[in-house]
Amino acid sequence: MPNQDISSYLKEPRLVARKFLARPQHEGVGAVVRRSIGRFELKNFDPFLVLDEFSVTAPAGFPDHPHRGFETVTYMLQGAITHEDFDGRKGTIEAGDLQWMTAGRGIVHSEMPAAQGTQKGLQLWINLSSKHKMIEPRYQEMLSKDIAETMIDGIKVRVIAGEALGIKSPIYTRTPTMYLDFCLKPGAHLQQLIPKSWNAFVYILEGEGVFGNQKSQPVTSHHILLLGSGDGLEAWNKSSKVLRFILVGGEPLGEPVVQFGPFVMNTQEEIDQTIDDFENYTNGFEKARHWRSETSLSLDY
């Protein structure tokens, strides 16, 4: 459908409520991340716990580590990452590929470079409600060629989760979520619906764009924009180069968040129990007792 036809959809475009620049910091073993959610100014943004734009070159990476109580969404931008877990799953996530991992009651895994040079990508942590925190782990994986994509009026979108411009992703989001990768050519104007009750943000990957109000100042790459209330996002590319950003929205859970590193539960007692489970290889972590990833063994982490 032509872009001008969807302009009537937005009755109350969301304005930018807060803006942060994600500065580089070290994470894992020698990896560099730009963390925009999960930092001291923004501990979480319900239902989102962490957003990292990561950059890693071998032998650096994210060796064996656990998770419980949430989902991790890994979307590769450049290069490739090898993923292994304690249940014997192993695979490579290449540029444009997606891995949607529900850690649930517990996973121990590693994420390490699978190619020469620098590997780049995004990792988003999405909280799970209390009734879903202890479900069995599961994976949803999509190759780049299988991700729904379309282009209309100078706007290209890859639909990681949710729907946009008439196409929809098959990814099941236990916490209702939309995740859209937009590229706007110079002069392009986007209007995208977002459920009014959801929290939503933009993270700029490339170029500069105007968001919310076309009279506002352009915002450049590595900034996160938290959007205020309304029924959708309006964005303009007034520059001479391509603008690329992700738009992510989710239904708030409205539950207490107690986090200890890679464990996210609702109470301190549940965190204490999780630490005990992990240290004693029980209640979901049984397979961790005798497991180490092939990469960790070869590099002696």
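Glycine too: its Cβ is placed from the backbone N, Cα and C atoms.
According to TrEMBL, the protein has these features:
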- 33-126: domain 'Pirin N-terminal' (DOMAIN)
- HIS65, HIS67, HIS109, GLU111: Fe cation binding site (BINDING)
- 179-283: domain 'Pirin C-terminal' (DOMAIN)
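Features recorded in TrEMBL, as mapped to the structure shown.
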residue : record                 : Cβ neighbours (10 Å)
HIS65   : Fe cation binding site : 14
HIS67   : Fe cation binding site : 22
HIS109  : Fe cation binding site : 23
GLU111  : Fe cation binding site : 28
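Shown in sequence order, PHE62, ASP64, PRO66, THR72, ASP85, ILE107, VAL108, SER110, PRO262 are the same-chain residues outside HIS65, HIS67, HIS109, GLU111 whose Cβ sits within 8 Å of the Cβ centre of the Fe cation site. Sorting the domain 'Pirin C-terminal' (179-283) by DSSP state (H, G, I as helix; E, B as strand; all else coil) yields 13 helix, 49 strand, 43 coil.
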